Amino acid sequence: MSAPKKVVLAYSGGLDTSIILKWLQTEYGCEVVTFTADLGQGEELEPARAKAEMMGASDIYIEDVREEFVRDFVFPMFRANAVYEGLYLLGTSIARPLISKRLVEIAEETGADAIAHGATGKGNDQVRFELAAYALNPDIKVIAPWREWDLSSRTKLIDFAEKNQIPIAKDKRGEAPFSVDANLLHTSSEGKVLENPAVDAPDYVYQRTVNPEDAPDTPEYIEIGFEKGDAVSINGEAMSPATILTKLNEIGGKHGCGRLDLVEGRFVGMKSRGIYETPGGTLLLEAHRGIESITLDRGAMHLKDELMPRYAELIYNGFWFSPERTMLQAAIDASQTHVTGTVRLKLYKGLARTVGRWSDHSLYSEAHVTFEEDAGAYDQTDAAGFIQLNALRLKLLAARDRRLKS
């Protein structure tokens with residue numbers, strides 16, 4: 001690749017991307033345009049602007065994309081009840097395609113030769129950023145400094161920062177922070193003591209949730225309203241997608257909901273350990289499953305359950321803009337036509353449990369399932385023929401096996 005003259009950098013204002021900004025200027029002698037997305041990470045973003053200006057960025061983009069993030073990425077994913085490897089709610093994975101989309105758009109707007117990101121050569125994010133970028137612009141050039149430079153450790157990064165007078169953030173204990181990714185859906189923490197999966201994570205790692213043991217001693221009940229699979233209200237109050245997730249984070253975090261300590265299988269082949277906090281997403285997933293339980297037909301629900309692991313894997317691996325994800329999304333969205341109603345959750349010391357659900361689109365018939373008189377709603381003698389028909393092949397198999405044994 002010929003040396004670029006202008007690069008659009010996904011910039012957080014943190015240590016890694018600040019070093020990358022300086023490295024791009026030094027290595028390529030190019031202009032650097034920074035893009036910082038407000039995904040609801042809870043940080044003041046003006047310091048990122050000031051830092052980029054101080055370091056000589058030629059242009060600075062800081063954009064509030066919270067509503068787009070939740071409406072066009074998080075909510076479609078939650079319609080699928082997507083969970084990777086049984087635990088991970090894909091908080092980091094789902095943010096990457098939106099960031100890549102804006103990187104490509106800004107590159108085209110500014111006439112940049114390339115885009116750059118701060119993902120390491122060991123992780124999934126390099127794959128996610130680049131697959132999304134190439135899906136949107138097959139001719140885009142991507143610079144991944146972690147795969148090029150010799151700054152192969154945190155120690156070398158810090159040395160580079162000190163030599164180039166780049167400020168180094170400290171955590172509240174005065175130490176270099178964990179590797180943290182945050183957005184409106186979740187916060188993840190990796191590295192340092194967490195790299196040993198046998199060691200219990202210290203409580204100071206958690207940023208968004210209280211320790212469940214310290215959560216309120218009184219349960220809280222909330223009601224989440226849905227229309228066609230998407231949350232539209234909390235306790236009867238209509239809200240925008242980002243506002244709903246923000247409010248659910250606040251409520252769930254207060255009760256210690258959504259903490260995960262997990263080891264996941266990365267797309268690049270290795271396993272990694274992380275501490276994930278997804279308070280609002282945990283409540284949203286529980287409630288969405290609750291409303292689906294009374295509005296989705298059994299066949300549709302079971303098919304969704306079969307498709308979900310593949311859908312989740314596509315998002316995890318970076319294939320959001322792939323045709324197969326789009327095809328699955330169309331099927332999932334079609335299933336949500338009648339997923340409308342309200343779910344009541346009980347929140348208590350780290351647990352979020354569905355305790356009520358109702359809908360004008362409900363398939364639940366109390367008349368059919370009652371243990372009392374059903375006024376002829378269901379003829380129990382019909383079950384005999386149903387059982388005999390379903391047993392026929394099993395009887396034939398058993399008869400053959402007995403015959404062969406004798």
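Every residue gets a Cβ built from N, Cα and C, even glycine.
As the structure is a computational prediction, the values presented were derived from the model and not from experiment.
The ATP site recorded in Swiss-Prot comprises Ala10, Tyr11, Ser12, Gly13, Gly14, Leu15, Asp16, Thr17, Ser18, Gly118 together with one of Ala37, Ala107, Ala132, Ala135, namely Ala37. Other residues of the same chain near the L-aspartate site, with their Cβ within 8 Å of the Cβ centroid of Thr120, Asn124, Asp125, are Ala119, Lys122, Gly123, Gln126, Val127, Arg128, Arg266, Val268.
Calculated from their C-alpha atoms, the gap between Ser18 (ATP binding site) and Arg128 (L-citrulline binding site) amounts to 21 Å. Closest in space to Ser12 (ATP binding site), of the binding-site residues given as Thr120, Asn124, Arg128, Ser179, Tyr276, is Ser179, taking the CA atom of each residue. When the neighbouring Cβ atoms lying within 10 Å are counted for each of the binding-site residues (Ser93, Thr120, Asn124, Ser179), the highest count belongs to Ser93.
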